[in-house]
Amino acid sequence: TECEKEPGSLLWVFVMVGNIVRGMGETPIMPLGISYLEDFAKTENSPFYLACLHTATVIGPFLGLLLASFCAELFVDIGSVGADEITITATDARWVGAWWLGILICALLNLLVGIPFWFLPKSLVKEGETNDPEETSEKSAAPLQENDKNETKQTMHYFVPDFIPFLKALLHNPVYMLFICITVLQFSAFDGMISFMPKYLEQQFGKSASDAIFLIGVYNLPVLCVGYFSGGLFMKKFKINIYQAANIAFWVSLLEYLLYFAAYWTVCDTSPVAGLTVSYQ
C-alpha cells in the first residue's frame, strides 16, 4: 500500500563508522599499555600493575552500564518531546530509551581522557634503578636514534615479507593458539550473557530495560574487579612464576566451569505467553 514505506535512513552508517573509529582508538591501549608497564616496572611488581590495568577495564563497563541504565529511563526523543506527551512507561515493550545520550557522554569523556596520553614520556627510568639524569639521557638517546633509523626503513616493502613468516610462526605455536581459543570461548560466554541476560530479566521477572542493565552491572562486574585485583596482589606477594600462574589459572577456570554447569539445575518456570506457551483462549 501507499502508507507502507521501507526504511531508507542511512544514519546507521554514522553509528558503524563511529564504532570503527572508537575501536581503532581503544585497541592500542591494551597491547601498548602492557608493553609500557613491562618495560619500566619491576618483574615482581608487573603482575600487580597489570591487575590494576585489567581492573580499570572492568570498572569502565561497570560505569557504562550504570550510565546506560540511567539513559534507558529517559525517552529516546528527550528534549523534543514533553514528558506529558509520553503515554507509555519504561516497562512497555514499545519504550525506546535515550541510547544516543550515552554515546555522546562517553565520546566527550574519551576525548578528555586521551589528552594526558600526549604528555607521557617515550622512555622512563626502570623501577628500582637510580640512574643520573645524564646517564639516563645518554642511554635513552641511542635507542631513540636507532628507532628513528628503523622507522625510515619500515616501509611496506620491508614489512610484508617479515610479517607473514612471523604470523605463520604464531599460528603454529600451540600454546599461543590454545590461549587464543580459550580467550575466544571466555569472551563469547561473557558477551552472550551481556547480550541476552537483560532481555531474559525483562521477560522472566518483569523488569524494565533500565533495571535489567543495572542488575547486570551490579551483580557481575564488581566481582571481576575483585578477582583481577586480588589475583595480581597474590602474584606480587608470593612471586608466582609463569608455570605456577598457568596451574592456578587451570584449576580456578575448572572450578568456574563446574559452577556454571550447576546453573543448569536452577531453572525458572516459563512465563505464560499467549499463542506460544498457552492458547489465546
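Every residue gets a Cβ built from N, Cα and C, even glycine.
A TrEMBL annotation is a machine prediction, not a hand-curated record.
Sequence annotations record features per position, and here TrEMBL assigns transmembrane segment to 48-76 (among others). Within its own chain, the transmembrane segment (48-76) is flanked in space by residues 30, 33-34, 37, 41, 86, 90, 95-102, 105-106, 208-211, 213-214, 216-217, 221-222, 224-225, 228-229, 231-233, 235-236, which lie at least six positions past its ends and keep a Cβ under 8 Å from the stretch.
What TrEMBL records for 96-120 (among others) is transmembrane segment.
Taken from TrEMBL, the feature region 'Disordered' covers 129-148.
Beyond its flanks by at least six residues, the transmembrane segment (175-197) meets 212, 216, 220, 253, 260 of its own chain at Cβ-Cβ distances under 8 Å. The transmembrane segment annotation in TrEMBL covers 175-197 (among others).
As annotated by TrEMBL, transmembrane segment applies to 212-234 (among others).
Marked as transmembrane segment by TrEMBL: 246-267 (among others).
Within its own chain, the transmembrane segment (212-234) has Cβ neighbours under 8 Å at 47-52, 54-55, 58-59, 61-62, 64-66, 68-69, 72, 193-194, 197-199, 201-202, 240, counting only residues six or more beyond its boundaries.
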